[in-house]
Amino acid sequence: MLNFSDISYAERGMVATINSNRLKDKGVGQYQNAYNYKNQNFEDLRASCLKMGELFEDPFFPAEPQSIGFKELGPKSQEVHNVYWQRPKDIIHNPQFITNDFSPTDICQGILGDCWLLAAIGSLTTSPKLLFRVVPRSQSFKKNYAGIFHFQLWQFGHWLNVVVDDRLPTKNNKLVFVHASHRQEFWGALLEKAYAKLNGSYEALTGGSTMEGLEDFTGGMAQCIRLQNPPHNLLRLLRKALEKSSLMGCSIEVTNSDDVEKMAHNMLVKGHAYAITGLQDVYYRDKLETLIRIQNPWGRIEWNGAWSDKAKEWEEVMPEVQMQLLHKKEDGEFWMSYEDFMSNFTLLEICNLTPDALSSWDYKSCWHTTFFEGSWRRGSTAGGCRNYPETFWSNPQFRISLPETDDPEDSSDKSEMVCTCLVALMQKNWRHAREGPQLLTIGFVVFSVWYVQFQNLQDIHLKKDFFMKYRDHGFSEIFTNTREVNSHLRLPPGEYVIIPSTFEPHKDADFLLRVFTEKHSETWLLDEVNMLEQLQEETITDADLDQNSVELFETLANRDSQVDMYDLQKLLNKMSSKVKSFKSKGFSLDVCRRMVNLMDKDDSGKLGLHEFHILWKKIKKWMEIFKECDQDRSGNLNSYEMRLAIEKAGIRMNNRVTEVVVARYADANMIVDFDNFINCFLRLKAMFAFFLSMDTKKTGSICLNINQWLHITMWG
């Protein structure tokens, strides 16, 4: 019996994509119906362990060196020397999963450089509703304990249920990585382990932004604001973000690697991720002072300036305010003035939440959200940025309609009628490739277009001439080598096209494009519909027959005046060699078989004289299309030209089909000769013909049994 492992990687990818899309259509991947990561079902695994009287051991993230790291934390590293994996019950008496008095200061950083992740976790603890979406609180080390725990994490548009065992790396009976400020609590360490499993290893978590962690814990969209040049309404944005239960982080960026996690005289750490946990106005010296509360994920080392724990400013505020806000202990959490915040920090990150993460009373503050998964594939859909006009048009394209303006900040202000639109482009799975490829430089361009330009363009992939004509309409061109690139846009109502791309062409990657708007909007993929155009069939009369070709046909034909695919190959190669204006290496036997299939009307497997001449007429037309699309007159097509040539010949393909076609018929340099062009075109034409002949009710779908499927795919 054929196993899934017998299928090629490319075929597995196609099957996986189809199955994934089917599950997505059923709602799998939403928070309420998360995917089981690695197909591991928590309830089933726990029940099995309880029945067998065993503690769970995760085969997909084993208690072995490769789960810890591969380079700085690799098996030969001193950092992991004498590291042992232990379960909490073996580390301490009466371990607790989570206690009721959790706070941002519960979680402390270990030897791993993932302060960005801890800052995100710290922000998460300020909202129990969000925390318990990620950390199901019904778990414990007592009732139904089987050494297995699970967490809900968001990855690239989908929620995943990630299972881990509770074996944790320790040294001298102490946790090596994340640990609680009081040793009995283990939810933070196990959450870090689940996140490490999702990304391949603990070391894969080294270096990142708080924004990344916030998004993966909430499914929200993060904004990045440079505080050297802040928006004029930044304080209002901060207040609004806290009102919406948004999660926030801040940091002091460094330009010199030697300054990373270097402490300034005021005890702020450069290149270190902090969480913003509150905002408060207090009366100080007869005026209102805005304070901002910040938390250091280390659980220690606090700001020592104005409004710090021991600062004299607290002596001049009301005692009840002191009691409410001031906690004099070394817990990593501190207050500072808004002015000092702006003077010291350089980067602010805000994670805007999706509707499902908000309470019902927050409905008015919900964003309208849309997301698309896509890919860039070398030779087909990886066209690069606008610096490469010959291929830029081949990138995936998305149309957005913004018909409704935001509510004005002041009901009396009608001067600025705009639509707030957050656009974010994320590249997938880059942490999994830490030992190989790194982050690509990605970005997007937004084109403003008139509605009239889009009439009758619902299902058409815009071509090069469109972008050359409307080149000046493109804006918001941002390219960086980060996991995500985003932009906070305030646009007039209208129609727009978003083009996500890598900076350079021919770079393979998968991406997620998300659009958040304050008001109703419509966003969809702008792509071709797979379609075979009904072109007029060629006919031929006796007067059209060329005497030389007739004689050549008769010398190769059998006694019935017909040629099979072997004779057809000889015939076509002789005739094409006489076409001096056309360069060809000859026709392969596979192409000749497809031609016989296309033209054979009586199922004889052979062609008669008239059938052959109609075929030759078609071939000459295909030669003209090939030459027309061969812009550099090289005698071959590049893969982008092939797509245009196939369209001119009567077949429109969407991006997914184009990616498969290029992978199958282009060579290593993305070049397609005439034989492969014809082979591809005839295969597509045959598959369309099979499908349309069986889809008698024009439903767009057919049902086949295994015999029919094999017959069509093997003969097509």
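Glycine too: its Cβ is placed from the backbone N, Cα and C atoms.
As annotated by Swiss-Prot, domain 'Calpain catalytic' applies to 55-354, with the evidence given as sequence analysis.
Feature annotation from Swiss-Prot assigns active site to C115 (among others). Cβ environment of C115 (active site): Q109, E261, H272, A273, P297, W298 lie under 8 Å away, each six or more residues apart in the same chain. Classification of C115 (active site) by DSSP places it within a helix.
Residues or ranges marked as active site by Swiss-Prot on the basis of sequence analysis: H272 (among others). Secondary structure from DSSP puts H272 (active site) in coil.
Residues annotated as active site in Swiss-Prot, with sequence analysis given as evidence: N296 (among others). Residues within less than 8 Å, Cβ to Cβ, of N296 (active site) and separated from it by at least 6 positions along the same chain comprise V269, H272, Y274, E302, G332, E333, F334. The DSSP secondary structure for N296 (active site) is coil.
If you look up Swiss-Prot, you'll see 355-528 marked as region 'Domain III'.
The region 'Domain IV' feature in Swiss-Prot is assigned to 545-715.
The average per-residue pLDDT of the prediction over the domain 'EF-hand 1' (587-613) is 86, rounded to a whole number. Among the features that Swiss-Prot reports, domain 'EF-hand 1' is placed at 587-613, with the record citing sequence analysis.
Note on the domain 'EF-hand 2' (617-652): residues 379-380, 383, 390-391, 394, 463, 528-533, 535, 538, 540, 572, 576, 579, 581-583, 658, 661-662, 665-666, 670-674, 677-678, 680-681, 684-685, 688 of its chain, located 6 or more positions outside it, place their CB under 8 angstroms from a CB of the stretch. Residues or ranges marked as domain 'EF-hand 2' in Swiss-Prot: 617-652.
Cβ contacts within 10 Å of N636 (Ca(2+) 2 binding site), excluding its own Cβ and spanning all protein chains shown: 21. Positions annotated as Ca(2+) 2 binding site by Swiss-Prot, on the basis of sequence analysis: D630, D632, S634, N636, E641.
Long-range Cβ proximity for D630 (Ca(2+) 2 binding site), meaning a same-chain Cβ under 8 A and a gap of 6 or more residues, is found for N636, L637, E641. Taken residue by residue with DSSP, E641 (Ca(2+) 2 binding site) is part of a helix. Of the chain residues outside the Ca(2+) 2 site list D630, D632, S634, N636, E641, C629, Q631, R633, G635, L637, N638, I671 have their Cβ within 8 Å of the site's Cβ mean position. Each of the binding-site residues D632, E641 was assessed for Cβ neighbours inside 10 Å, and the highest tally belongs to E641.
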